[in-house]
Amino acid sequence: MNRNWSIFNIVSVVLGFAFLYLPIVLLIVYSFNASKLVTVWGGFSTRWYSEMLSNQGLMDAAWVTFRVGLLSATVATVLGTLAALALVRHTRFRGRTLFTGMVYAPLVMPEVITGLSLLLLFVSVGFERGFWTVSLAHITFSMCFVAVVVQSRLVSYDMSLEEAAQDLGCTPFEAFYKVTLPVILPAVIAGWMLAFTLSLDDLVIASFTSGPGATTLPMKIFSQVRLGVTPEINAVCTVLIGLVATGVIIASLINKRKMVREARIDSKV
Amino acid sequence: MKSLGSTRRSFTPWLDKETKPYISFQNVTKKFGDFVAVDNLTLNIYEREFYSLLGPSGCGKTTLLRMLAGFEEPTSGEIFLDGVSLKGVPPHKRPVNMMFQSYALFPHMSVRDNIGFGLKQAGIAKAQITERVDAILKLVKLEEFAKRKPDQLSGGQRQRVALARSVVLRPKLLLLDEPLGALDKKLREETQFELMDLQHELGLTFMIVTHDQEEAMTMSDRIAVMDKGTVIQTGTPAEIYEAPNSRYVADFIGTVNTLEGKVKEKAAGKVKIVGKDGFTIEAATTDQFALNTDDTAWFSIRPEKIKVSRSKPDKQTNAVEGEVWDIGYLGDMTLFNVMLDSGTIMRASVLNAKRTVDDPIGYEDRIWLSFEPDAGIVLER
Ligand SMILES: Nc1ncnc2c1ncn2[C@@H]1O[C@H](COP(=O)(O)OP(=O)(O)OP(=O)(O)O)[C@@H](O)[C@H]1O
Ligand SMILES: [Mg+2]
């Protein structure tokens, strides 16, 4: 491989990263701005962070988002894991292709369509929109992400482990609970993190499916920004970025550790 | 009385019509799609028996064990355990344990927890679990590795953990799928004897799959030789070796010379066969011998039952001349590959009973091979 980086390479990499991360860096920097004007640097201050904390509307939205995230991620993880198990274990049931397609379709479905169709469903059923509808919507779309993550782990999982457990006296459920689940747990946790992050991020679907009293943080930010960007919003966004980044890093670390371990097993066989 | 060699123990429940089989496969067929993995198989195994399945890769050995353990249901036919049909009984309710060919060790548990898993599942007291796991760890020589995870073990060590995990439960019926394949010769032989002792002491029934015929011969009460989903012959190791029922079995176990010929004279207890290789064979037969004159038959004889000499033996039949083609010195015996004038190669082995030989046979020497009428067996298929 050519290790001498050409000028062109360096420039394109720098430009690319700048394009990706400069706005975020700016946002973080300006969240520590003492000035009220967003684009004028007035010295360092953590004033906007304390103001953010005392903004009741913002805090309420954060609390809603957190609860929705927790609930939807957990339910989506359970359902997604079950779907992945069904897909891997029963390789030849009738309508498997259709089922697979249906599990994965939400991955590529435009969010607007998901949101709109869910809204129509809730309206026609007469569901009052609010916390529960947002949570349900988030479960629906993040479940398939969990299924993908867990399935990729299950593909390399030796199903005879479960048979061995049954042979040693476990019922099928015990075999899953005592052997399969602990082995695939890293993938399940990674799936949960992903689902939580997705729920935290989502604006479009929440806008469609939420109702009064259940404004999520992205919705709140979006509506505030329409009235003008304040340094307070910068502070909120910085916190959000921090949370998401942590989640992603932990999830990838878990996956990485698993891969390193598998590589070690492979090299020994 | 003449008998086929010495046996390890006088244990022959299969000869007794009164004894009920412990396991009974009755017309069991297993299909995977259109592929027939086990074909209309009927088989009886008796309590306390050490039963081996021997056969080429893909002949259905693992499938047979999996049906007993409950991971596959027969497509047709039925399996009985102690007289009770196993139809629909889930794996965890069968008094059977299986050691998997792929080991199937739990990667998230230590060696100790792997071995203790079944005991814990059975609700046995902690102190007793520790005691039994310790004992079995000692048996498979893995005491120092108790705290390791399976991925920190070598292949042979993993195999021993898998063996220990199934043996520690002392099930009435133990199914072992190639339990010793990854062990070195010395450890394998030791473990073989440990297994035999264990089986004897605890009165267990063992069904074991192996690719190693010597292993099957050493350990088994009976061996079943399989091919393409069917059992070709069942019998004691001596029966399988000395009285194979077909060329397939004769060829599968040990080395054998098979000479094709036509039945010429048939009398009570003996037959004359004119071989393709231009010499006449006079062989002893049993009462069941069913071939008629001019039928094709195969005379099968083991290398160690052939006499090698430089001079022409003093008999009209059962002797043939050839040229030494190859010599293999094994220490305890020497193998001679001899090319007959017809082009067929026959193998003879000579026990090296003395340290020195006066007139050693060399390459390209012309020598005579001869044998007694009952040294070989006439096969009909
Ligand atoms: N689940 C399955 N689906 C389809 N075919 C199968 C399945 N399990 C086994 N077979 C086929 O059945 C045949 C018998 O397999 P089995 O595992 O019993 O062989 P074996 O005698 O144990 O071979 P080996 O000595 O290599 O372990 C093989 O040809 C195999 O391909
Ligand atoms: Mg097998």
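Each Cβ is built from the backbone N, Cα and C atoms, and glycine gets one as well.
Taken from TrEMBL, the feature transmembrane segment applies to A:7-32, A:61-87, A:99-125, A:131-154, A:175-195, A:233-254. The domain 'ABC transmembrane type-1' annotation in TrEMBL covers A:62-254.
For the transmembrane segment (A:175-195), the residues of the chain that approach it from at least six positions outside its boundaries are 72-74, 76-77, 80-81, 85, 138, 142-143, 145-147, 149-150, 152-154, 157, 161-166, 247-248, 250-252, 254-255, 257-258, judged by C-beta separation under 8 angstroms. Between the transmembrane segment (A:131-154) and the transmembrane segment (A:61-87) there are at least 3 Cβ pairs closer than 8 Å, counting only pairs 6 or more residues apart in sequence, which means the two stretches are in contact. Here the listed stretches are A:7-32, A:61-87, A:233-254, and the one with the most C-beta pairs under 8 angstroms to the transmembrane segment (A:99-125) is A:61-87.
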